[in-house]
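*Asks:* Take a look at the following structure, please.
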Amino acid sequence: MLYYLHYYSGYLGILNVFKYITFRAMGAAITSLVLCWLLGRPMISLLRKLKAGQPIRGKEVVKDLAALHGSKSGTPTMGGLLILLAVSLSCLIWVIPTNKFFWLSLLSMLFMGGIGFWDDFKKVIQKKHYGISGKIKLLAQAIVGVVVGIVLLADPETSRLAQKLTIPFLKEVKHIDIGWMAIPFFILVVMGSSNAVNLTDGLDGLAAGCTIGVAFVYAVFSYISGRADMSGYLFLPYIKGAGELTIFCSALIGACMGFLWYNCYPAAVFMGDTGSLAIGSALGVVAIILGQELLLVIAGGIFVIEATSVILQVASFKLTGKRLFAMAPLHHHFELKGWSETAVTVRFWILSLLFGLLALSSLKIR
């Protein structure tokens, strides 16, 4: 909304800064960060009054995990509401309100946040341990993929890119035409991203910290893709209006930083499915809009590893009756092997940073 102030720069020159994406991106990050700081304690107090405490998985299933995390029982969850609120308000202040890519990303995030809230509500308020069914979550993620696909394919400006799969690090074979397979592929991306972040959200600060690096990578790619000069030089497709996603990603970065203030060990609040499903969906949708879906595998390497560990664990147990890991997702494996929770979290943050740098290096290594 503040973007329109630059039209009055003739009266007050400094207002011209509101035209620049970089300035508005910094403003969005700071705004969402401050909003999380200010709203964090009231939100946590409200969740405590509602008795929205997180039940600890493992008391009946994995006794060792229950022993490690038993003290967390009753910690308020659904803290993802804080992230959703901060991102939404920040973006409404700093993003051009007519930008279709912003609305597509934000509405997808809010929709999956609503599904996550429903799941958390059933778990912590209605005391139904398993929440909503996995089929409902998958259906919701499929709906996001289909809607995003229809919007992009119906628009002549984005239709061609939406049907092409961009290969990172390759200059000669940088696109593969997937045609009508685009929508099924988008569904897979949203499902994979949303569930991977959800699986990663098992330790204090882990998912939020890893999200910061991934969102930064896509903030950079959004900025470059939205500029004809820079995108041409770096062999990225030019997408008119994509620069506003830089602001969306920056708001997400700020919100995750602010949330970490309360979510770092020992956590005063958990994001729950309200936050993890929403964040994963948002990252997936941004990747789809930019045509950088495969880059998400690199930038979100920790999310991929966590999800893969669960898949391998289930497959191994069903095929051989043996488990590959002490427990899945992988962060619990290291906990049960003797690593402290903070050690696992910080080491995974470091790896996430390295994955982010590797993803950014694809801009020049071609």
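Each Cβ is built from the backbone N, Cα and C atoms, and glycine gets one as well.
Per Swiss-Prot, transmembrane segment is recorded for 27-47, 76-96, 101-121, 136-156, 176-196, 205-225, 241-261, 264-284, 285-305, 343-363, and the stated evidence type is sequence analysis.
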*Asks:* Would you confirm whether the transmembrane segment (241-261) and the transmembrane segment (176-196) meet the contact rule of 3 or more C-beta pairs below 8 angstroms, pairs 6 or more apart in sequence?
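*Replies:* By the criterion, they do not touch.
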*Asks:* At a Cβ cut-off of 8 Å, and with pairs 6 or more apart in sequence only, do we get at least 3 pairs between the transmembrane segment (176-196) and the transmembrane segment (76-96), yes or no?
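*Replies:* Per Cβ check, the transmembrane segment (176-196) does not touch the transmembrane segment (76-96).
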*Asks:* At a Cβ cut-off of 8 Å, and with pairs 6 or more apart in sequence only, do we get at least 3 pairs between the transmembrane segment (136-156) and the transmembrane segment (101-121), yes or no?
*Replies:* yes
*Asks:* What stretch of 76-96, 101-121, 205-225, 264-284, 343-363 shows the most Cβ pairs under 8 Å to the transmembrane segment (27-47)?
*Replies:* 76-96
*Asks:* What else in the chain is close to the transmembrane segment (285-305), if you only count residues 6 or more beyond its ends and a Cβ gap under 8 Å?
*Replies:* 101, 104-105, 108-109, 144, 148-149, 152, 158, 161-162, 164-168, 185-186, 189-190, 193, 196-197, 199-200, 210, 213-214, 217-218, 221-222, 225, 237, 239, 242, 245, 248-249, 330, 348, 351-352, 355-356, 358-359, 362
*Asks:* Same chain, outside the transmembrane segment (101-121) by at least 6, Cβ under 8 Å from its Cβ: which residues?
*Replies:* 52, 77-78, 80-81, 84, 87-88, 91, 95, 131-132, 136-137, 140-141, 143-144, 147-148, 151, 190, 194, 239, 241-242, 244-245, 247-248, 272-282, 285-286, 289
*Asks:* Is the transmembrane segment (205-225) packed against any residues at least 6 beyond its ends, judged by a Cβ distance under 8 Å, and which are they?
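*Replies:* Here the qualifying positions are 21-22, 25, 197, 231, 234, 236-239, 242-246, 248-250, 252-253, 256-257, 259-260, 263-265, 267, 271, 275-276, 279, 283, 286-287, 290, 292, 295-296, 299-300, 302-303, 331, 344-345, 348-349, 352-353, 355-356, 359-360, 363.
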